Amino acid sequence: MDIFRILSRGASINKKKDQTSTNSSLIKLSLPSTANKHEHLLDEVERETDFFRTKSHRKLDEPSSKILKSKNKDEERESVAEIVPPLELESEEDARVFRNLHKSKVTGDDIPIPIGSFQDMIGRFKIDKRVLSNLLDAEFVEPTPIQCEAIPITLANRDLIACAPTGSGKTLAFLIPLLQQLVSQNVLKNHGIRGLIISPTNELAVQIFQQLEIISKGKGLNIAILSKQLAGKISNDVVKASKYDILVSTPLRLIDVVKLGKVDLSKVTQLVIDEADKLFDHGFAEQTDELLSHCTNVKIRKSMFSATIPSGVEEMAHSIMKDPIRVIIGHKEAASNTIEQKLVFTGNEEGKLLAIRQMIQNGEFKPPIIIFLQSITRAKALFHELVYDKLNVDVIHAERTPKQRDEVIKRFKNGDIWVLITTDVLARGVDFKGVNMVINYDVPQSAQAYVHRIGRTGRGGRSGKAVTFFTKEDDKAVKPIINVMKQSGCTDGLSDWMEDLGKLSKREKRAVKTHEIERKKISTVPSVIKQKRKQRQNMIEASKRRKQAESEQ
């Protein structure tokens with residue numbers, strides 16, 4: 001919808017004169033009253049300019065009489081929930097048609113039929129009414145393909161390996177069945193941690209916890225995110241970890257309190273490993289293994305989710321799971337089809353800054369935008385360059401405190417910041433629904449990293465754009481990116497000569513993943529001026545040394 005059309009909208013006149021009085025009355029009922037026209041228009045304009053949908057809005061065509069909250073709203077909802085709807089997917093043939101439609105590949109033994117709607121869970125799994133009510137209140141009306149497959153598999157107590165594109169609803173796909181499994185158990189308070197969700201980054205853990213809070217409202221479950229403060233309280237016996245039913249955490253922080261004997265994971269029956277490819281990668285694999293060794297319950301059910309699952313990760317998953325079912329939505333290493341992808345050759349490092357400024361000049365730079373770089377030093381340098389260009393920009397990296405990072409994310413989601421510069425610390429999981437563009441200022445070191453980075457745009461069915469800059473030094477690193485673009489059907493963003501680049505050998509792939517490319521400093525200052533600045537700085541330092549030597553004599 002065009003905001004300028006909204007602002008210039010006039011009356012719509014129906015020229016047909018042969019309508020019955022009944023039709024006329026129906027038309028009159030559907031139009032907003034004169035008293036509500038102004039409010040209706042303002043609400044519509046506000047909705048158009050709210051990039052990230054952070055504000056609550058009523059439906060535009062909702063009559064004003066329905067805006068008032070009903071006193072017995074909860075009773076009405078419960079009465080609706082009590083009506084068991086017919087199953088939308090009832091047979092293997094229905095499941096086959098559904099999977100072909102959504103390009104879902106499901107393998108394993110005794111695979112459950114997917115659900116066709118959230119209401120299907122009432123008849124099939126006796127879903128808790130309050131959980132369903134919370135979903136509807138949060139406007140989660142229709143399940144996504146990964147949710148349709150993962151929920152019945154988990155509720156059938158099966159281990160699960162799930163791979164689906166970024167922004168496809170994987171978080172709810174594991175939270176809904178986890179909640180249902182726990183609320184259906186009759187256990188005493190302070191029984192211990194029964195649900196455990198492991199995430200590679202604090203930002204993703206916070207996001208999972210926030211969604212968990214929404215859909216578990218009113219169920220009396222104690223849930224927590226293992227923040228630095230909570231870990232300190234548990235370590236010093238100020239808080240008992242056994243009071244919590246569900247815990248969300250990053251691996252290392254949880255290991256620290258487990259080693260102290262302050263957290264017992266032997267009661268965990270539902271284990272979720274989010275962003276599994278990262279948690280089984282070299283940097284996290286040992287930590288993940290150590291946590292798994294403490295989850296000793298014989299009834300434990302494990303599931304792992306990610307947008308990319310390499311074959312090595314799948315092998316590790318099979319070694320720790322019991323007869324898992326494997327669900328792949330789309331392609332294992334393809335990006336979402338809502339993202340338009342493009343590769344831009346900039347020649348050298350200076351060309352990248354010029355390319356960004358050219359995009360601004362040509363009107364291609366459409367906020368909100370996230371820009372990814374390979375290191376903290378480079379992220380800081382680009383931040384200072386773009387601040388100099390008077391762009392509304394901020395930066396997030398590992399050197400900033402969690403509080404500072406949370407504040408920047410909040411401001412970005414609220415639209416106060418239009419361009420967010422970051423490292424791979426924000427590449428996974430964090431949900432920014434309104435991001436229009438992702439720019440890979442530096443080529444990511446693997447196809448998986450690329451898919452996760454560009455997955456910050458094109459989420460929840462919205463369209464997005466991803467632009468990747470590369471130089472002569474990136475001739476090898478860019479090849480996996482080209483493969484992802486081909487698998488995603490984005491060949492329009494490739495030049496003909498790019499498609500002819502050969503494949504990497506195993507040794508070359510390993511080298512690209514493990515060795516960052518050495519790049520020049522980010523700056524458009526000519527080398528002559530840089531040299532003069534350096535000479536001047538050397539002269540100043542020499543002068544200081546002379547003065548100090550003279551004063552000591």
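Cβ coordinates come from backbone N, Cα and C, glycine included.
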With Swiss-Prot as the source, which of 8-33, 502-527, 528-553 is set down as region 'Disordered'? 528-553
In Swiss-Prot, which of the ranges 120-148, 178-206, 207-235 has the motif 'Q motif' annotation? 120-148
Under Swiss-Prot, the annotation motif 'DEAD box' belongs to which of these stretches: 274-277, 350-353, 366-369? 274-277
The motif 'DEAD box' (274-277), counted residue by residue under DSSP: helix, strand, coil: 2 helix, 1 strand, 1 coil
What residues, ordered by sequence, lie under 8 A Cβ-to-Cβ from Thr166 (ATP binding site) and sit at least six positions away in the same chain? Ala307, Ala335, Ser336, Val451, His452, Ile454, Gly455, Arg456, Gly458, Arg459
Residue counts (helix, strand, coil, in that order) that DSSP gives for the motif 'Q motif' (120-148): 19 helix, 0 strand, 10 coil
Test of understanding: give the count of other CB atoms lying within 10 angstroms of the CB of Lys170 (ATP binding site). 24
Averaged over the whole of the motif 'DEAD box' (274-277), what is the pLDDT? 91
Same chain, 6+ residues apart, C-beta under 8 Å of the C-beta of Gly167 (ATP binding site), given in sequence order: Ser336, Thr338, Asp431, Lys433, Gly455, Gly458, Arg459, Gly460
Excluding Ala164, Pro165, Thr166, Gly167, Ser168, Gly169, Lys170, Thr171 themselves, the ATP site's Cβ centre has within 8 Å the residues Thr144, Ile146, Ala173, Ala307, Gly455, Arg459
Could you tell me which of these binding-site residues, Pro165, Gly169, has the fewest other Cβ atoms within 10 Å of its Cβ? Gly169
